[in-house]
Structure formats: C-alpha cells, structure tokens
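The structure appears below as structure tokens.
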Amino acid sequence: MAAVDSDIEPLPRGGFRCCLCHITTANQPSLDAHLGGRKHRHLVELRATRKAQGLRSVFVSGFPRDVDSTQLSEYFQAFGPVASVVMDKDKGVFAIVEMGDLGAREAVLSQPQHSLGGRRLRVRPREQIEFQSPASRSPKRVAPDSHQLIKALAEAPDVEAQMVKLVGLRELSEAERQLRSLVVALMQEVFAEFFPGCVVHPFGSSINSFDVHGCDLDLFLDLGDLDEPQPAPKAPESPSLDSALASPLDPQALACTPASPPDSQPPASPQDSEALDFEAPSSSLAPRTPDSALASETLASPRSLPPASPLQEDQGDGDQGKAVELAEALKGEKAEGGAMLELVGSILRGCVPGVYRVQTVPSARCPVVKFCHRPSGLHGDISLSNRLALHNSRFLSLCSELDGRVRPLVYTLRCWAQGRGLSGSGPLLNNYALTLLVIYFLQTRDPPVLPTVSQLTQKAGEQVEVDGWDCSFPRDASRLEPSTNKEPLSSLLAQFFSCVSCWDLRGSLLSLREGQALSVAGGLPSNLSEGLRLGPMNLQDPFDLSHNVAANVTSRVAGRLQNCCRAAANYCRSLQYQRRSSRGRDWGLLPLLQPSSPSSILSATPIPLPPASFTQLTAVLAQVLREALGCHIEQGTKRLRSEGGGPGEPPQGGTSKRAKLDGQKKSCEEGPEEQQGCAGEHGEDGVEEMVIEVGESVQDWVMRSPGQLGELPLMTGKHLATREEGQSGTAALAKQGPRGPEAACEGSQAEAEKRVSLTVSWRCALWHRVWQGRRRARRRLQQQIKEGGGSGAGSGAEWLATEAQVTRELRGLSSTEQRPEAEPLLTFVASTSQADQSLTVTPLQDSQGLFPDLHHFLQVFLPQALRNLLK
C-alpha cells in the first residue's frame, strides 16, 4: 500500500495522477479502476522484478577481452546459481552478472579477491537505478511552453518573425545533420561489403528540409539488380567510422572523419546521386542549437538510453556469421522480401557497431527493418522497396527551396496540430499528410505560391518513372520562376485555417498534381483515381495517384480538424493575433501553439448522429437532454454575434468586438476578396443568430423570418461565444460563402438556399453525475419491472420513461422536486449542425474536471437514444 501511495499524487479539484503510468484520473472511482487495470499491475510487477534483479546482480570489470559470457558464468557458479550474464557488446569491458538468489550475491561480494584468465576482476554491487516505465506509444504532444520558446517568440516584433524563429528553434543543428551523415556513411560502408554496388539513401525528414530535433533516420537501401553475379560476401572489418561515432556530437571526431567511406561505390545514376543531400563535414562546426521544448523527441545520449535486455545483448554474438550464411544462400537468386529483410536485420545486429533493438516489420505498408543506434541516440528504419518515398522527399525539398514561406508555415502548422492532438499515429494525420495539405493550400492561392505537380512535370526536361508513376520534376529550383504572390506569412496562416474549415474533405479529392479539388460525387477520372481508397478525408499523393495519404483519418478526426481550424481562424481575426501585446500577454503564435486540454480536444470532437430530418433531430435531442438526463436547459434571447474567438476557446479579456449587421444583401461587385469564401480576411463580419425557445420548431422560425434567404448577409462561417450569458437555445442561420476561392458569387435564391446552414444550440446544466452507475441502475430497474409483471421498454415513449426513472434514482430526487439552488456540477453547450448531422459539446463550467467522463458517456448514449426515439 505504501508503494501505491508513493505512485499516486493528489491533484486539485479531486483528481489524481499516477506517476508510474503517467496518467491523470478525474476522481477516486476512476483511480481505483486504473489501479486494478492490467497496465498498472503490469508496471508494478515489472518494477518489482527489475528491483529484485538489481539486488541479486553484481558489476564485473577487468576481465580479458576474449572472455565470453559462458566463462564468466562458469566462474561465478562457484558461489551459487547464476541467472544470467549481460556483456557489454560494443566494448567488452564490463558485464553484469545476475545471481540466482541474494545469498549467492553476498557470497560473491564477501570474496576479497576475484581473478579470471590471469587478470584480477573488479566486482562491486550493481548500482540501483530508479525504475522508469516504458515510453508510451500514444502520440507525444510536448507543450511548447518552455522559457526559451516563450521568451523568443514573445520578443519577436511580429507574427512573421515568430514563425521564422520557430523554425530556428525546431530544426536540426549543423552538428546534428553531420552526425546523421556519419551514420549514413557507416551504413554504406557495412552494406557495401555484403552488396557491392548498393547505395544507402537517406529520405524523409532528414533531407526534405522539415527536420526536427530527434526525428527518425529513414534509409532506403538500393540493392540494384540482384540477378547480376555478385562476389562472395565476407564479414566486414570494423568500420573506420566506429571511432567517429564512439561519442555523440564529438567535434574532433566529426571534423576529422569523412562523410562517406573512401571505397564506397558511386551512385548508379545522376538522379540517385542527388539523394545524398549532404556535404563532407568541415573542420569547424557551427554551435549546436539548443533543443526546443517543441521537439517531439530529444536526441538521447548513451547514458539516457535504457539498458538492453540480456537477450538483446546476446543476440549479436552469432549474427555476423548468420548474416554471411544468409547472404551465401541468397547469392545468385532473387530473394523474397521477407528473407532479404531478415538478412538486413542480421547484418545490422552483427556488423554495425552500436546498433541494437533491431526488428523486422514485414507486415507494414512498406516493409522495413527498425533499429536504434546507441552512440548517436538515433532511431531509424531501413526499407528495400521505397524508391518512391525518395522522390517524395526531394519534391518537398524543392517546394521549400521555391519559396521561403513554405518552411515557416509547415513548421508552425505541424506544431499547432501536435498541440491540438490532430497529428500522430493511428487515425490521426501524419506529418507527411499535413505537409502535403499545406502545399496544396499554397497551390490554390491567387496568385499561386507554389506550382502544381503537372506544371513541374512539364518543366522537368528528363522523364523519371518509378513503379509505373511519373516522378518527373526539376531538381534545380533556380530554373523555375518565383511566385508573384507576396502575401505575408501571418495572412497565409490565417487563410489556411479559414480554407480548411470550409473545404469538403469527404466529397472532394485534394489533388496536388492538378492543384484543385476534384469532386467525388461526379466520378473521378480513371487516370487520376484508379485504386484510390476514399474516406472522410481525401488527399492524393503527388506521384502515387492510387494512394490517399489521409486514408487512415476517421470522420471524427476530420471533423475535429475542421472545428479546430474554424476556432483558429476566428482567433486570427482578433487583435491579439495581429498585434504585440503591450501588457505582456501571450500574443501572435503563442495562444495557437499552447497545447489543448483534454476537455477542449473533446469539445472539438463531433458526436455523429443517426440520419433523420434536422427538425426531428433537434426536437428529440432537446427531449433526451431534458427528460432522459435531467438537464436544465436555459432559454436565451435574440443576439447579433461576430466571428471573434480564441484558438479553441472563447477569448478572455474582451479582445473581440461584436458587430451589428444591417441585413442587407451584399453585392457581387464588392471585389474578389468578398467573393472568396475562404480568403481569411481580418474583417468584422458577423453572424445573426436567432433564439428558438424550447419547444419551438426551427422550421417555424425559418417560415416566420421577415427576410428572404437571399437577403441574408454573405458569411464565411459562424462562432458560438459560449461564455456569454443568454446565448443558449439558439439557432444560427448563416449564408456561407463559396467553398473555394475560385467560386463566384451567385445571386439566385436557389444557390443561396444551398449555402444556408442551420445550427441549434442549448445551454445545459447538470447537478448530479447521471452517467455514473447508470447501467447498474438501469438493470436494477428493469429487474423490478420484470418482477412486477411489466414489459420492457418497447416504444420510444417507454424507453424515455425508463431512462427518466433511472435519472431520478441516480439523482435521489422525486419527479416533482425542483432543481436545487446550489451551483450546478457542470454546465455545457450542446450544438448540432444541419451541415454534418453531428453534435459538439463544449464545457462552460467544470470545476471538478468531469467533462471528459460526460463526453465519453454521451458518445455512446446519445446516438442510441436518438435511434430508439426516431424509430
């Protein structure tokens, strides 16, 4: 119990943090459930096992270099049973011997002198290191709030300077780039011994100009034609670069070591030679840029890396011979992918100094061999059939060379997406997809910032085809005309948020080759979409036209992306974004880059609703919230609202002003800025919101509206200021602008009706945790009804009555009792939109941190409730 107490840290407002698992729980029941869960119990057992192993182990050094683990085991067995022996594989200067019990360890330590092979051994107790739980596999969202970052960005004169400064804080230093070049050269030297003529190409973030501290090292091993006769492979000598990589970022070693082995083979073609996008390190190194708090991973030193297990350390002993045997077996015949991956893995384990944790992943979309390099602290992977990714990396590098605004914009948006929980693995956007989204956006500006891939192909000169796909584009950016678009970075960032918030991600295909959105409904051209898998978000690879790089993104993540972009676009219209604060407040990029809390991330996550007419949905939703869950729904008044807001939350301090609208129709002749629905202008446009009293139909309000739909003001979006009183129970009726900048203003009423979007919102208050223990209470009530001879909830009315009774039991109140006068436990705004048939829930007051639990309950309960009442 004492160990459990030391792992748990109480938090304000009744929460708890488990320091062992690095998670936070909202209340005591959630904590109890976590402590009894499999993850926590596994880590507790693992910690106890590691501690017991440490208490039974001794540290041994001073033995001859030719002594192996078997000889050490035989020697120490004279004092008692030996559980394992872990050797220092790289240097062979020490070993950790784990005895079978504490008595054997004490016998070893009580011996005054040990000797083996004529050498005196130094034996001492193993140092006890504090247990650290394995790194979480969830996407890391490191808060960009370090003192260095805040100071650097706050002191910048404007937003553009902040974005440029952000690049300098996140990108790799010159020393880090040279270190990666040395690792690539080391790999080239080793693999050339087994596969003469092969070339190791770096790709991905290491060469695409969007690198960050700690990014992985992606390598493509180009083996050429394996059908050609190959000389017999031999075990390579110790690479000459091993000494240079003995200690990470050693200036002397880096300065005196060539970037590529002198006997390495030249690239097979001029195109391949451009992949080695680095020069030999000079004799003087630029000072290393300090790691930023924005980095998703940090460059680890050998000391900070976790020790390898005995199994991992011992695996390398026979891998060198195994690699030679596999290479002999595969010589003269075309190897299958799995066997070749195993061969590459064996070479890494047995022949590359400092490499550990080698793992082959043949089931990936592109089979790879993952590895870690201990001296440099780098994580990487090697692929054998990913030549297309090499050209993708060169294309991204070309885009960054064509316009200096590309890198600051990509770095800023990657950091913003990371803080919002939009980028990562699983159903989230990966960095490659997010970068392509930015490039597509820049292609669609007027005038364009970047050319389309088709335009680049026409100017390529030489045609390059990879796996049947046309990968032709100029390699030299100086051969292309610069863009005539001179918009500042701050404006482009605001326009990006505004555009993405109104793009039809599901109904269109964003094509970088054509530089436009292709409608999915009308059918896509076969030459542009054959084999393409469509989904909630469709973003086409620039070369592999059958690959949707956002195919993994779910509808929930796509909806959250647009909601976050809408909130960010609202913030970019405020003075807080445009001007430096004279009061020392966060301004410009800082509010955008602050990581979202779990509640704000959930509030941007839409809850999908079953198909039904919007009028039915709103009526049934209000009924479920009020009767089934016991929410008190407050009524509001008619209001005029501006689009001001904050990045994910309403602004504090009144930085946005409300603008009154005259309701008159805007003319199409006002200029191109007004015609572009996602131009991102910093205007004072507003949205007129009309209150619908509880029980009043949205359709009735539309029928009684004094103006025609075509007379409503032309708007680009809407925003609900949730912290204002009296805005609940409202329906926002806004005529949205065209979907893209190329759309023209249509004056007909039919077109205006298509652009009308209805949004109904309720301000709800809860005094009791009606979601906690609900299933148990429902089963108990159903059992009572069954014992009394009643029937189950068959119709929608019976189901609603049952749920209302469950709520009353959970509240401990009678059906006639009024709500108490005390402050509510939780208040929130529930808002449903006709455009996407979904519900968003935004917390207003949540002093106890209960909103995540409520949102999780509503995700399951509300869709099922609506299906029961609408059937």
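Glycine is no exception: its Cβ is also placed from the backbone N, Cα and C atoms.
Residues annotated as zinc finger in Swiss-Prot: 16-46.
As annotated by Swiss-Prot, domain 'RRM' applies to 56-128, with the evidence given as sequence analysis.
Annotated ATP binding site per Swiss-Prot: SER205, ASN392, in sequence order, evidence recorded as similarity to another entry. According to DSSP, ASN392 (ATP binding site) is assigned to a helical segment. For ASN392 (ATP binding site), other Cβ atoms within 10 Å of its Cβ number 24.
DSSP assigns ASP218 (UTP binding site) to a strand segment in the three-state reduction. The Cβ neighbour count for ASP218 (UTP binding site), using a 10 Å radius over every protein chain in view, is 22. Marked as UTP binding site by Swiss-Prot: ASP216, ASP218, ASN392, ARG414, TYR432, HIS547.
According to Swiss-Prot, the compositional bias 'Pro residues' annotation covers 259-269.
As annotated by Swiss-Prot, domain 'PAP-associated' applies to 489-547, with the evidence given as sequence analysis.
Taken from Swiss-Prot, the feature region 'KA1' applies to 596-871.
Residue density at ASP216 (UTP binding site): 14 other Cβ atoms are found within 10 A of its Cβ, drawing on all protein chains shown. Each of the binding-site residues ARG414, HIS547 was scored by the number of other CB atoms within 10 Å of its CB, and the largest score is that of ARG414.
Break the zinc finger (16-46) down by DSSP state and the numbers are 17 helix, 6 strand, 8 coil. Every protein chain shown contributes to the tally, and the Cβ of SER205 (ATP binding site) ends up with 20 other Cβ atoms within 10 Å.
Using CA atoms as reference points, the binding-site residues ASP216, ASP218, ARG414, TYR432 were checked against ASN392 (ATP binding site), and the closest is TYR432. Other C-beta atoms found within 10 angstroms of the C-beta of TYR432 (UTP binding site) number 20, with every protein chain shown included. Proximity to SER205 (ATP binding site), defined by a C-alpha to C-alpha distance within 10 angstroms, is shown by the following binding-site residues from ASP216, ASP218, ARG414, TYR432, HIS547: ASP216, ASP218, TYR432.
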